[in-house]
């Protein structure tokens, strides 16, 4: 539908006489070319897997595959046009390509939302058996139930050499099966997927795959590579070994040059669009208590380099002086210290924090190059001083105005989860991922939850 709409729109908008043959091919008209192009486009997208149902819960991967397939199709069209001297209208590239991509992404998003909503209501679920060692099974069951929109609904478990009574965190409604019972249940009842959660030897894993050969069921394995994004992993065979290649994270080169260009363009547009909002906010802050409009603070940026961050002041003028006593009174850590009812926040400050208006001056910081639109949360020196182990990896990239922590719960996130999300971003950054985070941030800001 998206492909057909994009091609028809191009013919209607930019091709005045579609029945006129293309220069260099008397028998080829634009409707014929559009039909052939659309057919090839659809075949390529089907072949590269962008329609696979298992990707329904992974919008970003769907978009990447759709973009890759679309660019390949139009790249081949450009090459063929050059080789055979075909005068193909540039409108096919300037209208059909971007419009087709946008419509395909919207189509996939709508389908994904409908399916995810249905799954949360108990429909379109995949009855799943989880097998492995006790702790891994418990963790996997909890994760799948917490993210039911993915579609895998735990229906039973099989503990690999563990006593059921030792696994106290397993839900009481899940039957615990032995291995012979597992095979019987999979064959006789609608268990559509088996997830191997870990704690199994290679021999046990191989035997499981053999035993399930005659069953119409999915067999999935959870690797021990935690928080490594799928696009960074590829599998291949060498010397009889199944190897998983993991692309190492890189923090320089053309990829980050593109990110910088995107930051400059996006922050410039944002400053222009939000300039009226910023002017009204500045006036409201000044009228409330007569204090300074802008709050300046030193934060730690890329590679531990300090920089000055600018935000609209949302707290009392003496807020920093009262920080230490509040940390002690609440028994908290300086790392990601937040209070839901912080007495230092002003009335105007509470409103602008709720809708993240206080963050708008940070676009100037992005233009200067100290921050990025998307990245880990910028922190002060006292917070960085408490970093332990891999937490220091947050400093490998520029901090951001928004990030996975912003769309994942904002101030309500536990410390460990906020750090994990930041590290996941550092390891798996992509431009398409940044755009996805920005779009989700818009929703979080318009419907705030967890901001204080």
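Backbone N, Cα and C define each Cβ position, glycine as well.
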Listed range which TrEMBL flags as transmembrane segment, given the options 28-45, 46-63: 28-45
Segment assigned the feature transmembrane segment in TrEMBL (from 242-263, 264-285, 286-307): 264-285
Candidate ranges 2-23, 90-111 [criterion: TrEMBL lists as transmembrane segment]: 90-111
Integer average pLDDT (0 to 100) for the domain 'Bacterial sugar transferase' (259-446): 84
Chain residues outside the transmembrane segment (264-285) and at least six past its termini with a C-beta under 8 angstroms from it: 291, 293, 312-313, 346, 348-349, 352, 357-358, 360-361, 363-364, 366-367, 373, 438
